[in-house]
Amino acid sequence: MEEDEVTIREQNFHSQVREYIICFLLFAVLYIVSYCIITRYKRKTDDHEDEDAIVNRISMYLCTFTLAVSGGAVLLLPFSIISNEILLSFPKNYYIQWLNGSLIHGLWNLVSLFSNLCLFVLMPFAYFFLESEGFAGSKKGIKARVLETFVMLFLLGLLILGIVWVASALIDNDAASMESLYDLWEFYLPYLYSCISLMGGLLLLMCTPVGLSRMFTVMGQLLVKPTILEDLDEQMYCIQLQEEALQHKLNGASFNSHLQPNSQHLYKELDNVRSQRHKLERKKKASAWEKNLLYPIVMLILLAGTAISVFLVALNILYLLVDETALPKGSADPDIGNASLSTFGVVQAVVEIILMIYLMVSSVVGFYSLRIFQGLTPRQDDTTMTSIIGCCVSILVLSSALPVMSRTLGITRFDLLGDFGRFNWLGNFYIVLSYNLLFAVVTTLCLVRKFTSAVREELLKALGLDKLNLSNSPTEPESGKLAANGHQKTL
């Protein structure tokens with residue numbers, strides 16, 4: 001009997017060690033990828049080792065950790081869904097016995113813990129540490145900056161706890177709620193994270209429809225569009241003439257003092273002409289299948305992904321109206337490998353994973369497309385650490401809300417695990433139904449506005465109202481290119 005107990009303890013010990021190793025390896029891969037991404041966009045500095053360089057390096061490591069946690073939050077649902085399907089397909093396979101419910105549940109708990117840690121501790125610390133200089137009258141150095149950072153964190157924590165305390169007392173004023181206000185770990189942090197998740201869900205609701213319509217423009221800029229009835233050689237000739245004329249004007253402005261104030265405008269025009277020339281050169285070098293086949297296929301894939309997403313949300317709205325058990329819920333005991341949560345098995349699981357990743361990419365594109373957040377757009381080798389911190393916090397909020405949004409919209413039927421299923425607002429029927437309706441309506445309106453922008457512009461021109469700027473659709477960089485006859489093309 002004692003030998004059996006020892007064997008069970010050994011098995012539990014080895015299982016825990018195996019789970020820790022797997023989690024460490026997964027996080028190490030995410031950390032390396034995040035480090036490569038941040039170093040690609042971080043502004044290059046000199047190699048001089050001083051106090052500011054040390055502070056920047058520490059802040060960069062914290063941002064890398066936060067971005068890795070964001071990647072883990074994005075991959076939570078896809079990893080869980082594909083693990084469930086693998087265990088269903090190969091239930092007795094010895095080489096996948098490490099893939100079990102305990103590992104999945106542990107990953108969800110770790111991502112939830114690290115998300116709270118990054119959002120409430122590491123990122124505020126990185127920002128205050130970057131902006132700190134030490135208290136007045138104290139000796140300057142790293143210790144003084146660390147001391148000021150901890151004081152600012154303490155004051156910020158008191159401010160946030162006070163706001164949550166007052167909000168909780170105003171919303172729910174019964175005796176039980178008043179007693180729970182003094183419980184920091186069991187009430188404050190889950191309630192605060194629930195509020196953050198709701199804000200992240202609303203941010204996703206604002207960014208994702210914009211990103212879904214913006215994705216067509218972004219892919220159109222990355223790919224080579226089909227050339228129909230276009231003479232690229234003549235367009236190249238016209239662009240080269242324009243470039244030579246502007247270059248001649250700039251050479252003359254350098255010797256003429258009266259033309260020097262206009263040289264900045266001439267430089268901008270020259271940059272635009274050169275960018276158009278590079279695009280035309282890329283079009284000439286592109287193969288026939290890339291110009292005539294790849295672009296339509298990618299556009300059809302984007303349209304199909306968006307249509308399937310809206311269709312699934314519409315089905316989820318019907319499920320909510322018919323059966324209230326369709327509300328998203330949490331699960332304390334993950335039932336992995338016992339039943340498939342997809343009607344069509346592996347095919348539907350793969351489609352759900354693709355849709356979730358597509359929604360995340362679209363939400364990031366939509367986030368940087370909004371005017372209020374355009375200042376955070378990272379630039380290669382020219383992004384400050386303050387902007388990187390803002391980007392990491394924004395991506396963390398979006399990625400942490402992605403599993404909740406995917407389950408709320410009915411993209412997947414996989415139950416939320418860990419603290420992700422403890423959010424108070426998930427059980428509110430009216431909030432969930434309104435969220436689904438808003439997503440479906442706003443996404444449809446954004447797509448209709450996107451695909452009818454050219455028609456609206458032509459109607460405004462026909463009615464003579466184009467000078468009133470009634471159409472707010474952004475013009476693409478390619479809209480000003482020259483046609484074969486030297487005039488501008490309009491679609």
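Glycine residues also receive a Cβ, built from the backbone N, Cα and C atoms like all the rest.
Those TrEMBL annotations? Automatic predictions, nothing curated.
Worth saying up front: this structure is predicted, and the values here are computed from it rather than measured.
Database features, via TrEMBL:
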- 20-38: transmembrane segment (TRANSMEM)
- 58-82: transmembrane segment (TRANSMEM)
- 102-130: transmembrane segment (TRANSMEM)
- 150-171: transmembrane segment (TRANSMEM)
- 191-212: transmembrane segment (TRANSMEM)
- 293-322: transmembrane segment (TRANSMEM)
- 353-373: transmembrane segment (TRANSMEM)
- 385-405: transmembrane segment (TRANSMEM)
- 425-448: transmembrane segment (TRANSMEM)
Selection from 102-130, 150-171, 191-212, 293-322, 425-448, the stretch that has most Cβ pairs under 8 A to the transmembrane segment (385-405):
191-212
Among the ranges 58-82, 102-130, 191-212, 293-322, 353-373, the one whose Cβ pairs under 8 Å to the transmembrane segment (425-448) are most numerous:
293-322
Can you say which of 20-38, 58-82, 102-130, 293-322 has the most Cβ pairs under 8 Å with the transmembrane segment (191-212)?
102-130
What parts of the chain pack near the transmembrane segment (58-82), using Cβ distances under 8 Å and only residues at least 6 beyond its ends?
26-27, 30-31, 33-35, 37-38, 42, 104, 107-108, 110-111, 114-115, 118, 122-123, 125-127, 129-130, 334, 336, 341-342, 349, 352-353, 356-357, 360, 385, 388-389, 392-393, 395-396, 398-400, 402-403, 406-407, 412, 414, 417
Go through the chain and flag residues at least 6 beyond the ends of the transmembrane segment (102-130) whose CB is under 8 A from any CB in it; none is fine as an answer.
15, 19, 22-23, 26, 55-56, 58-59, 62-63, 65-66, 69, 72-73, 76, 79-80, 83, 145-146, 148-149, 152-153, 156-157, 160, 189, 192-193, 196, 334, 336, 385-386, 389, 392-393, 396-397, 400, 417-420
Surrounding residues of the transmembrane segment (20-38) on its own chain - C-beta under 8 Å, 6+ positions past either end:
60, 63-65, 67-69, 71-72, 98, 103, 106-107, 110, 388
